[in-house]
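Trainee: One structure is given below, represented as structure tokens, and several questions about it will come after.
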Amino acid sequence: MQRSIMSFFQPTKEGKAKKPEKETPSSIREKEPPPKVALKERNQVVPESDSPVKRTGRKVAQVLSCEGEDEDEAPGTPKVQKPVSDSEQSSPPSPDTCPENSPVFNCSSPMDISPSGFPKRRTARKQLPKRTIQDTLEEQNEDKTKTAKKRKKEEETPKESLAEAEDIKQKEEKEGDQLIVPSEPTKSPESVTLTKTENIPVCKAGVKLKPQEEEQSKPPARGAKTLSSFFTPRKPAVKTEVKQEESGTLRKEETKGTLDPANYNPSKNNYHPIEDACWKHGQKVPFLAVARTFEKIEEVSARLKMVETLSNLLRSVVALSPPDLLPVLYLSLNRLGPPQQGLELGVGDGVLLKAVAQATGRQLESIRAEVAEKGDVGLVAENSRSTQRLMLPPPPLTISGVFTKFCDIARLTGSASMAKKMDIIKGLFVACRHSEARYIARSLSGRLRLGLAEQSVLAALAQAVSLTPPGQEFPTVVVDAGKGKTAEARKMWLEEQGMILKQTFCEVPDLDRIIPVLLEHGLERLPEHCKLSPGVPLKPMLAHPTRGVSEVLKRFEEVDFTCEYKYDGQRAQIHVLEGGEVKIFSRNQEDNTGKYPDIISRIPKIKHPSVTSFILDTEAVAWDREKKQIQPFQVLTTRKRKEVDASEIQVQVCLYAFDLIYLNGESLVRQPLSRRRQLLRENFVETEGEFVFTTSLDTKDTEQIAEFLEQSVKDSCEGLMVKTLDVDATYEIAKRSHNWLKLKKDYLDGVGDTLDLVVIGAYLGRGKRAGRYGGFLLAAYDEESEELQAICKLGTGFSDEELEEHHQSLQALVLPTPRPYVRIDGAVAPDHWLDPSIVWEVKCADLSLSPIYPAARGLVDKEKGISLRFPRFIRVRKDKQPEQATTSNQVASLYRKQSQIQNQQSSDLDSDVEDY
């Protein structure tokens, strides 16, 4: 009959006996069956093929003949005892090497190996003197009984205190039948509490030890550490003390960059750029730190607080990770480089929403509905990302990594570029944490919606490098250079430092050139190393509008001025470098060199041989060579914009030069206009139809100015530019100055200027305009909120042909819902929403407060916006982007100026906020 494997481990029937009703301890020792599991099996020794009876007999024989060896049947004992350390278990002593009747704990390792080369097992029982088989059985049974009682007690009170465990130990030691062996604690749940005590009973012996042997058997003192420190675990109590000591000693050393980026707060008072940073010196700036900064900026509306918050982040970047300063600045400006590089993300809302849907596992329609409800694709992306959990999250995003990915997206071209862009965007969203997805989505859409204008970012940068000067060796010594100054002195000092950076940026509006110099030489020496030079486009000087000749005379009453034709064309800034290379830039610093190959070919013959380098400010105007007259602006817009072949040019252009900014290595921006004009005419030569000086008139006579204005209109010009010649006549880069005034024919009966507005919607026509658009909803651009705010409904100024043309061209821009950044408030919703990408020039009779339209709301009146009265379409501005449209601040300024003139308060004109 075949037997099961378990039957070999069951006690024989002869060994079993019925227990009496009352048993004595001795009877328990005599009658209790042997254990069910052998120690060999617990030690992973393969059972031999002998029967259980033979194996039991052999074990008994070994007990009688082996020194200090106990029986193997004690299943309960290992759960209570502390096992011997790993080093001792791996090298058990040979019975021949240990002296008789001596409980030795450590035997020489060479003798621990059997002749066959296998290590011998070793237990605590092998250290005991020889015993008889009867004593062994009695001790084993008694040990099992006590162990069972102790285990039961431990299960009832698993969290026994240290003192109670010590009492148990002392009580058992007094009985004289206990040998304590310090060893590694077991991992069984029952022994968790006991491992907290230092000396717990392990095994019992039936032999009384001599006094010397008892001393040897006592556990070593707590501080002695006789066992190997590598294999012996530290006691939990000691470990806790060590942790506390270590944390106390390292706390001061690890205060730099120890915060979680999710808790980073750059808006805190008394910010320390090193101790309050969330990364350490030499590490890359976490993108989450930038996102947290944007969050704090978004929470406040005060400009000074916004500048301070961004400045604190920049201080930490300067002190800890200077190479990341440039990416942080570009992402704060929502740019990828200087304008002349032409790097744009080119990610539409459709692609962005698809990427969010695929990265988060949500349905596209659900995301679109949520965007329509919340009006912010960034918040939708953040909420979608926060609901997804990943088993293996990607590494955290860094500012340099995100910036590099954005640049990769901008450089991708070709038929497969959209799929590649989608993959990059999805990868970014998958790696996002917390609010990172919000600002990734907003950056990709082109609108951060922080209210951080360029001047605010420059102010924050100037403040950062002033308080925490760059170039210091770490650890940074000066973290707050303004410490010790009074509040007023500190404010004035920071303003002076800010002016240094702003003036330098006006002449060199290229952070790629400014930041390396700033980090190496500091802000004070920045003007020495960053100077105006050909090849870097400048922001042009702009003019303020006026409403009549009388206003011009009042402003320039005591100074000499000149009147120049205002040509209707495109601003062209001509740069010629020392090596002869020619660059042509637009008013927005875009590189238009490829658009004008015909102009490049003319450069050698329009300058004198002595001229080696220069920067000219000109107007490129469409020119009819046959009729020798200026053509309308609309003709110029039909010219191809990129990669133009000179042989295919149909629309010819003529350059009208009106200013000289740089000549032969010398900047002329601080020279008066009279000197600049003189140098222009001395060093350049006119060529009819190709290069001509602007027509001008120097006079103070009212009648002459009026006649000159009429003549400019007859010569196909917009009007006049009136400029001071000597007093306050420097070239003010990137500034709309009162020293240059615009005087147009239309201004005499209007508000003083036309407005460039964005088309955001269209109304279906009725009557004779049925079947096409009859009206349009226009909006101004608000720089702070980065919104397009509705300002008026436009329906006049169009010919039938223009209406048909607009209807056809705008069909491709129809949207089911408005863009999130479009705000109309109480205005009548259009029949068709349009993608806000078209800019129109509009003229109006007047401006008025409006409870319906949101444009400039809060700037003039707390509750009302501003609208146009009798608006009229003038032309399409193909040279302008929506962000370059008339701003809400400009609308408010036009309204105030109109009110001042009506109330004859022209003296207050100087209070207008200038764009500096």
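Residue numbering: from 1, along the chain as shown.
The backbone N, Cα and C atoms fix where each Cβ goes, glycine too.
Quick paste from Swiss-Prot:
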- 1-197: region 'Disordered' (REGION)
- 13-43: compositional bias 'Basic and acidic residues' (COMPBIAS)
- Thr77: phosphothreonine (MOD_RES)
- 119-129: compositional bias 'Basic residues' (COMPBIAS)
- Lys144: N6-acetyllysine (MOD_RES)
- 153-177: compositional bias 'Basic and acidic residues' (COMPBIAS)
- Thr193: phosphothreonine (MOD_RES)
- Lys225: N6-acetyllysine (MOD_RES)
- Thr232: phosphothreonine (MOD_RES)
- 236-266: region 'Disordered' (REGION)
- 238-257: compositional bias 'Basic and acidic residues' (COMPBIAS)
- 447-456: region 'Interaction with target DNA' (REGION)
- Lys566: active site, N6-AMP-lysine intermediate (ACT_SITE)
- Glu718: Mg(2+) 2 binding site (BINDING)
- Thr796: phosphothreonine (MOD_RES)
- 879-916: region 'Disordered' (REGION)
Trainee: Sort out the residues at least 6 away from either end of the region 'Interaction with target DNA' (447-456), same chain, that have Cβ-Cβ distances under 8 Å to it, and list them.
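Mentor: Sequence-remote neighbours of the region 'Interaction with target DNA' (447-456) are 294, 297-298, 301, 303, 306-307, 310, 332-334, 376, 378, 439, 502, 783-787, 821, 916.
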Trainee: Over all shown protein chains, what is the count of other CB atoms within 10 A of the CB belonging to Glu718 (Mg(2+) 2 binding site)?
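Mentor: Result for Glu718 (Mg(2+) 2 binding site): 20 other Cβ atoms within 10 Å.
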Trainee: Taking the Cβ of the residue listed as 'active site, N6-AMP-lysine intermediate' as centre, how many other Cβ atoms lie within 10 Å?
Mentor: 22
Trainee: Does Thr796 (phosphothreonine) have same-chain partners at least 6 apart in sequence with Cβ under 8 Å from its own Cβ, and which are they?
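Mentor: Residues satisfying the criterion: Phe870, Pro871, Arg872, Phe873.
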Trainee: Where the residue listed as 'active site, N6-AMP-lysine intermediate' and Glu718 (Mg(2+) 2 binding site) are concerned, what is their Cα separation in Å, rounded?
Mentor: 6
Trainee: Pull the DSSP breakdown for the region 'Interaction with target DNA' (447-456) and write it out as helix, strand, coil residue counts.
Mentor: 3 helix, 0 strand, 7 coil
Trainee: Could you give the mean pLDDT over the region 'Interaction with target DNA' (447-456), rounded to a whole number?
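Mentor: Summarising the region 'Interaction with target DNA' (447-456) by its mean pLDDT gives 83.
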